[in-house]
Amino acid sequence: MLSVLQPLLFVLLVLLLAFCKTIVAVNRLPSSAFAVPGDATYDYVVVGGGTAGLTVAARLAASGASVGVIEAGGAYELDNGNYSVVPGYAFTEPALAPVEFFPPRPLIDWSLVSQPLTGAAGRRIHYAAGKTLGGSSALNTMAYHRATKGAYQRWASLVGSTAYTWDSLFPYFFKSTKLTPPNFAKRNTPNATFTYDKAAFCTTGPNCGPLQVSYAQWVDPTNTWFAVALKFIGLATSSVGFNSGSLSGGAYTTGTIDPTHATRSSSETSYLRWAIANTGLMVHYRTQALKILFTSGKATGVSVVTEGFPYTLTAKKEVIVSAGVFHSPQLLMVSGIGPQAKLTSLGIPVISNLPGVGQNLQDQIFFAVQNGLTSASTASILADPAQQAVALQQYLNNTSGPYTSAGGYIAFEKLPAASRANFSARTTSLLAALPADMPEIEYLAGGFPGNATAGITTTGDLSATLLAPFSRGSVTISSLSMLDSPAIDLGWLKDAADAEVAVAAFKRLRQAWSAPGLSPVKVGLESRPGAAVQTDAQILQWIRENAIQIWHASSTNAMGMNATAGGVVDKTCKVFGVTGLRVVDISVFPFALPGHPQATVYALAEKIAADIIAGR
Ligand SMILES: Cc1cc2nc3c(=O)[nH]c(=O)nc-3n(C[C@H](O)[C@H](O)[C@H](O)COP(=O)(O)OP(=O)(O)OC[C@H]3O[C@@H](n4cnc5c(N)ncnc54)[C@H](O)[C@@H]3O)c2cc1C
Ligand SMILES: *[C@@H]1O[C@H](CO)[C@@H](O)[C@H](O)[C@H]1NC(C)=O
Ligand SMILES: *[C@@H]1O[C@H](CO)[C@@H](O)[C@H](O)[C@H]1NC(C)=O
Ligand SMILES: *[C@@H]1O[C@H](CO)[C@@H](O)[C@H](O)[C@H]1NC(C)=O
Ligand SMILES: *[C@@H]1O[C@H](CO)[C@@H](O)[C@H](O)[C@H]1NC(C)=O
Ligand SMILES: *[C@@H]1O[C@H](CO)[C@@H](O)[C@H](O)[C@H]1NC(C)=O
Ligand SMILES: *[C@@H]1O[C@H](CO)[C@@H](O)[C@H](O)[C@H]1NC(C)=O
Ligand SMILES: *[C@@H]1O[C@H](CO)[C@@H](O)[C@H](O)[C@H]1NC(C)=O
């Protein structure tokens, strides 16, 4: 009898194994990483598949936990094509228009518009924010660098934790990225060579992170002239670059670009794709989080909607909110966490009275002085059909040429003594309280197509960014629904200290433009704002009317020691007054870090993921 059954049992066993293998395989197939809408339970539910969200989610999923990510947008490669993927298009993406009436890009951008800004001539500003897998890492202009040792020390002191010092954070910068060393053969401009700190990054091996960081495979020829101009005002080229804890002088910046294909590296191309291939991570995309659900003060899930279909995702362990600087405070507030008076006035039951939610918004602003140049630039080349065709050929043939590159040459400084001589005592003491190594101003070199008829190849654009704004804005809610936009006050130039620093920075731009070294290429007089703007009052008024954002808004759910001092989350990003809930994104930065923030967003997400996995 047994001998008759044996072959049958064997066949059954083989079938069973094949079946199990199919289940395992299905769990690992990319298509199965995208959840069918409907109630589900995970260990961790992450709200927002953006820069921080996908980083945290990928690391938690790799630890063996079940993780569900809620992302309002879709896949930007499908929804926005090469505009989002090709670095050379980064600055021409229509979603970057800062004006109130902007070209809507609803598949990748939240279409947020601020309230009229009292310090900025009453303007309403369209503030681009990524609504897609990858979040703002899929929409940003790809500059990658880290802040200063002093700035991280200040963070550590403010929150009472040595975990935020440069030395403590460095392993997370290191493990989030993989640097490809510069390809000097592809860099077209021989006078744009440089040295850098090779120890700042992982370059090879299994310890490198998924985010690709590289040096541009093309140098905007006009940038070498801006390097000359910035040198003239005292900003020499740094020999280490901006990834080793100091920001001083100028450097060609690293960027989040995969140099093999010269395409954008986002949290989606890096962390998400890695997690899809290696973990059981699940993504609910085109799905909006509406409310965090609580049971006895513990976050137990999130109510969501996919294309009009509502359902609930239950979190066995934690809910992690990574919806960004505007939507994270909005989601907390509609869910009952925020300033009591505001919540009560809208009839929202208060779960945790946290006065700091949505407050403390810090936004770095910038403005530029322009002059004509005879040098070619990325913009002038791509605006000319014949040269553009060559550029396309270079890009497609061997990933070289203007399309491969986004950012360029940037520089940092604390304003020199001569520039601060007339500052008020208050401004002087506010600035003196900043860390000694924390720059106040960033200079960015850029260009636009010039007026060929007038012999101008490029309209050179040298801008200054205020890195340590003292003005404070806010995010609040005007309805109970996440389907409505939050109310945003960017706060620009409300504080007199910012106005003084802005005028001083503007004068530095004019000084840089006066560099004798520019004479081979400079043509004509200053084109913007021009000679009519001369007195401090005129300069300030022009800045109020023309400054725009550099999309670095932060600190609307500030990390702090406690709620009474305005803190929203503690040093491991746990929200005060409840359990099972963290916020992990740029909204928890206690203050605006100097320069471009994405490197720190990734590192912070890595750090908090490690905290969660370690049970902290
Ligand atoms: C145009 C632009 C240019 C920039 N340039 C640079 C640069 O060159 N270098 C640099 O370092 N930084 C740059 N930044 C800033 C940087 O990209 C951001 O600070 C950073 O990406 C923020 O990360 P985050 O995780 O806090 O938020 P995000 O990456 O914005 O992620 C938030 C995510 O949450 C999702 N979400 C929001 N609400 C909901 C909801 N209710 N339900 C579901 N999902 C939701 C969003 O769709 C988004 O995917 C730029 C930003 C922009 C917008
Ligand atoms: C981007 O796509 C458009 C439309 O398909 C195409 O014309 C253009 O050449 C592409 N650009 C690059 C750099 O590939
Ligand atoms: C840099 O090198 C290029 C190519 O040789 C040259 O055209 C340009 O004038 C140089 N620029 C500066 C600032 O030296
Ligand atoms: C890349 O291709 C372009 C034209 O397609 C060519 O001019 C250039 O020399 C090539 N560069 C390298 C580094 O191979
Ligand atoms: C394409 O690039 C290769 C090197 O990568 C180069 O040898 C070749 O000449 C380029 N093709 C054209 C058409 O320029
Ligand atoms: C400081 O004020 C004096 C007197 O008004 C003026 O001459 C000088 O240019 C000012 N300095 C700066 C850096 O603005
Ligand atoms: C370009 O320059 C020419 C010659 O100086 C001038 O007539 C024309 O108005 C300029 N065009 C623009 C758009 O400024
Ligand atoms: C709250 O934190 C602040 C520092 O941010 C501190 O000065 C204060 O003593 C703390 N209050 C309580 C009640 O712990």
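The backbone N, Cα and C atoms fix where each Cβ goes, glycine too.
TrEMBL annotations:
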- 1-25: signal peptide (SIGNAL)
- 130-153: domain 'Glucose-methanol-choline oxidoreductase N-terminal' (DOMAIN)
- TRP551, HIS552, PRO597, GLN598: FAD binding site (BINDING)
- HIS552: active site, proton donor (ACT_SITE)
- HIS596: active site, proton acceptor (ACT_SITE)
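For the pair HIS552 (FAD binding site) and HIS596 (active site, proton acceptor), the Cα-Cα distance reads 7 Å.
Taking each Cβ in turn and tallying the other Cβ atoms within 10 Å, the top scorer among the recorded positions TRP551, HIS596, GLN598 is HIS596. Applying DSSP to the domain 'Glucose-methanol-choline oxidoreductase N-terminal' (130-153) sorts its residues as follows: 9 helix, 4 strand, 11 coil. Same-chain neighbours of the FAD site beyond TRP551, HIS552, PRO597, GLN598, judged by a C-beta within 8 angstroms of the site's C-beta center, are, in sequence order, SER136, ASN140, ILE550, ALA553, SER554, ILE586, HIS596, VAL601. Neighbour counts were taken at the CB atom with a 10 A radius for the binding-site residues HIS552, PRO597; the maximum falls on PRO597. On the 0 to 100 pLDDT scale, the model's mean across the domain 'Glucose-methanol-choline oxidoreductase N-terminal' (130-153) is 98. For the pair formed by TRP551 (FAD binding site) and HIS596 (active site, proton acceptor), distance between Cα atoms is given as 9 Å, rounded to the nearest Å. The record assigns TRP551, HIS552, PRO597, GLN598 to the FAD site; their largest pairwise CA distance measures 11 Å.
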